[in-house]
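K.L.:
Please read through the structure below; I'll follow up with questions.
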Amino acid sequence: MKRVALLAVGSFNPPTIAHLRMLEVARSHLETINTQVVEGIMSPVADSYNNKPTLIKSNFRIQMVRAATKSSDWIRADDWECTRTTWTRTIDVLRHHRELVQEKFGSDVGMMLVVGGDVVDSFTRILPDGSNLWNSSDIRTIITEFGLIVLSREGSNPLNTIQSMPAISEFCDRIIQVKDEVCPSGVSSTRLRAAIMNKKSIKYSTPDEVINFIRENNLYQKI
């Protein structure tokens, strides 16, 4: 049986049930193809990721991810990425965790990246300075050396995005696409932040432990 660990990266600003379901659905699918998932890792980005005023400090975000995963027996929060002083490329985060996972579980354990379809759609995004948000060679390595699992998201079309990229389109068949048939959700961190600012309830869209942390620290009151 093949063994892998799953990595989810992102702002987690705040973490939602959709983030947790993404990992759960990925694991459930892998189990049907004779693959054991030994661990799930949620890695928030560092504060240097961007200068958006909505991105709260990483010390708050990592604590929320810890709260969100507290009851899980296989998903954990990791602060390596978010405590670095500079932004870290996803490929380097994967390499870091693969090394640690193999030390912990054995050299045969692989590492796979789990993302939403909206992240794949960002593969072709051009930044204001004209540079690419994603490096094509990084994407190629993620797909061929690690493994990419994509959860379908509302309004995203990851397959079309991949097919539009000459450097990686030939690897479409290596990407695992999954869909949450049990609990499809349009919940997002953006919607939660807006709801909090507008004094609306976010109960059941994120674990109660996260809600309590947000309330205790007076987070997202202004956007």
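Including glycine, each Cβ sits where the backbone N, Cα and C put it.
Pulled these from Swiss-Prot:
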{"type": "BINDING", "residues": "SER11, PHE12, TRP87, THR90, GLY116, ASP118, LEU133, TRP134, ARG153", "note": "NAD(+) binding site"}
{"type": "BINDING", "residues": "HIS19, THR190, ARG191", "note": "ATP binding site"}
K.L.:
Using DSSP, would you call THR190 (ATP binding site) helix, strand or coil?
P.N.:
helix
K.L.:
For GLY116 (NAD(+) binding site), what is the secondary structure by DSSP, using just helix, strand and coil?
P.N.:
strand
K.L.:
If one measures from the C-alpha of ARG153 (NAD(+) binding site) to the C-alpha of ARG191 (ATP binding site), what distance in angstrom results, rounded to a whole number?
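P.N.:
It is 15 Å, counting Cα to Cα.
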K.L.:
I want to check the contact list for SER11 (NAD(+) binding site): same chain, sequence separation of six or more, C-beta distance under 8 angstroms. What comes out?
P.N.:
PRO44, VAL45, TYR49, LEU55, ARG61, SER189
K.L.:
Quick one: give me the count of other CB atoms within 10 A of the CB of GLY116 (NAD(+) binding site).
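P.N.:
Result for GLY116 (NAD(+) binding site): 21 neighbouring Cβ atoms inside 10 Å.
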K.L.:
Rank aside, I only need the closest one: which of the binding-site residues TRP87, GLY116, LEU133 has its C-alpha nearest to that of HIS19 (ATP binding site)?
P.N.:
GLY116
